[in-house]
Amino acid sequence: MQVYTETTDQFFCRKVDGCIYPNQKLLSHGLIRTPVLIKACLKVAPFVMTKRECMEPNNRTECEGNNKYEGYCMDLLKLLADRIDGFNFEVYLGEKTGSKLPDGSWDGMMGDLLNGKADVAVASLTINQERERVVDFSKPFMTTGISIMIKKPDKQEFSVFSFMQPLSTEIWMYIIFAYIGVSVVIFLVSRFSPYEWRVEETARGGFTISNDFSVYNCLWFTLAAFMQQGTDILPRSISGRIASSAWWFFTMIIVSSYTANLAAFLTLEKMQAPIESVEDLAKQTKIKYGIQGGGSTASFFKYSSVQIYQRMWRYMESQVPSVFVSSYAEGIERVRSHKGRYAFLLEATANEYENTRKPCDTMKVGANLNSIGYGVATPFGSDWKDHINLAILALQERGELKKLENKWWYDRGQCDQGIT
C-alpha cells in the first residue's frame, strides 16, 4: 500500500482506485471502511454556507472540518448520521453540481462520484434522466421547479391626484362626457316641456315666463346629483324626471364602485408586475430572459417538447449579447442591474431564498414551469443508497425535512413577506 504525504497530512491509497482518504480504516478481512466523503456547492445558499464567525481569521481552531459550514444540507447530513450507523462524513466543497461533457465524461460533483473521489453527493442536485443513467439517486428530499425571477416594480407613491387612481383614465373621461351629455338633455327637455315653465309676476306688476333649468342650473343640478347632494330645483315634467332618475342610478353605481376601489387602493400596497406568467414572458421581447448555461434548467428547455419552451430556447440562443450566465449569482445580479429589463429562470428554491434576502428587490412571478426533486447521489452499487432512502422517508414522515426548509428559507428571512 503506497503512502502519499502532502504538507502535514497523510494521504493513503485505496485498493479500489489507488487512494485512501484521511481517517480511512483497513479492516481485518482486507476491505476498506471509509467515512463518507460529501461534496456540496458552497455558492448555492442556503444549502451550504460558511459560518460568519468562520470568515474571521482568528477562529481557525473552532472552524475546522465540518464545523466550518452550515445550511440545509449540513443539517440534513447530521439527521442522516443520527439515523444511519457508521455514517461519518467529511465535507469538501466545489463550484458546480456537474454536467456531461462532449467526450461523455462528467465534471463537478457528478464527475467526483464517477471517479471515486466522493462517496455521496448532497446538494441542490436535480434528479433527471441523464444523471440517473450514471449514478443512483435517493428518494427526493425536496421538491421544487423552474421559476421566474424579476426585479420588484417600484412601489406606487401617493400624490395629490391619487384619489383618481381607483378608476382608469378612460372611465373618468366617460363620466365627464356623461355629465355634460345629461346636463344638455335636461336643459333641452326643460325647454320643450311646458311643465317646466311658469308665469311669474314682476316688480312692476307685469308678468313674465321663466324656467329654472338654465344652462348653469342644469350643470349644477347634474353635479349635485353626482356628489350625492340635493338642490333647490327639481324637474316637474315626466321627461325631466326620467332623465334625472337615469342619471341618479348611474351615479349611484359609479360612486359605489369608486368607494370600494378606493378602500382597497388605500389599504393594500399596489405593485403591478410587468409579467405574470411564463406565457407573458414568452410572447414579449421588451424584457429579455435567460438561464444558467450547462445545468438541468438548460437541459429542460433544450430538450422540451412543449412548443412555448422550444420557442423560448430558440430566443435565448439567438440573443446577442448572450442571456446565459455561468452562475445563479450572476443571473440574480443581472436582474437587479437591468432595472426590470431582464428576467432570470432558475429553480424555485434559490428564487424564494433570494427573495427573502436584502436588498429585497427581487420577486417570483407565476407558477413553477415543472416539478423536479433534489436527491442524494451515490455511485452505482453503493451500500449507502438503501440506508439513505429509508432515513429520508422517515424524516419526511416525521416532518423533519419541512422544519429544515422553514428554518433556512423563511424563519431567517430579512424582508417583509407581506407583499409578494
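Cβ coordinates are placed from backbone N, Cα and C, and glycine is handled just like the others.
Caution: TrEMBL annotation is automatic and unverified by curators.
Feature annotations, courtesy of TrEMBL:
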- THR126, ARG131, SER296, THR297, GLU347: L-glutamate binding site (BINDING)
- CYS360-CYS415: disulfide bond (DISULFID)
- 36-411: domain 'Ionotropic glutamate receptor C-terminal' (DOMAIN)
- 46-115: domain 'Ionotropic glutamate receptor L-glutamate and glycine-binding' (DOMAIN)
- ILE275: site 'Crucial to convey clamshell closure to channel opening' (SITE)
- LYS302: site 'Interaction with the cone snail toxin Con-ikot-ikot' (SITE)
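Close to CYS360 (disulfide bond), meaning Cα to Cα within 10 A, are none of the recorded positions out of ARG131, ILE275, SER296, THR297, LYS302, GLU347. In sequence order, THR97, GLY295, SER296, GLU347, ILE372, GLY373, TYR374 are the residues of the chain that are 6 or more apart from THR126 (L-glutamate binding site) and have a CB within less than 8 Å of its CB. Cβ environment of CYS415 (disulfide bond): ASN355, THR356, ARG357, LYS358, CYS360 lie under 8 Å away, each six or more residues apart in the same chain.
Every protein chain shown contributes to the tally, and the Cβ of ILE275 (site 'Crucial to convey clamshell closure to channel opening') ends up with 20 other Cβ atoms within 10 Å. Those residues of the chain, other than THR126, ARG131, SER296, THR297, GLU347, with a C-beta within 8 angstroms of the mean position of the L-glutamate site C-beta atoms are THR97, LEU125, ASN128, GLY295, SER299, PHE300, ILE372. Counting other Cβ atoms within 10 Å of each Cβ, the lowest count among the recorded positions ARG131, LYS302 belongs to LYS302. In this structure, the CA atom of ILE275 (site 'Crucial to convey clamshell closure to channel opening') is 23 Å away from the CA atom of LYS302 (site 'Interaction with the cone snail toxin Con-ikot-ikot'). Note: the domain 'Ionotropic glutamate receptor L-glutamate and glycine-binding' (46-115) comprises 31 helix, 12 strand, 27 coil (DSSP; helix = H, G, I, strand = E, B). Counting every protein chain shown, the number of other Cβ atoms lying within 10 Å of the Cβ of THR297 (L-glutamate binding site) is 19. Rounded to a whole value, the Cα-Cα separation of LYS302 (site 'Interaction with the cone snail toxin Con-ikot-ikot') and ARG131 (L-glutamate binding site) is 16 Å. If you average pLDDT over the domain 'Ionotropic glutamate receptor L-glutamate and glycine-binding' (46-115) in this model, you get 84.
Summarising the L-glutamate site geometry, the residues cited as binding it (THR126, ARG131, SER296, THR297, GLU347) extend over a maximum Cα to Cα distance of 17 Å.
The secondary structure of LYS302 (site 'Interaction with the cone snail toxin Con-ikot-ikot'), as reduced to three states from DSSP, is helical. The Cβ of SER296 (L-glutamate binding site) has 20 neighbouring Cβ atoms from other residues within 10 Å, across all protein chains displayed. All protein chains considered, the CB of GLU347 (L-glutamate binding site) has 24 other CB atoms within 10 Å.
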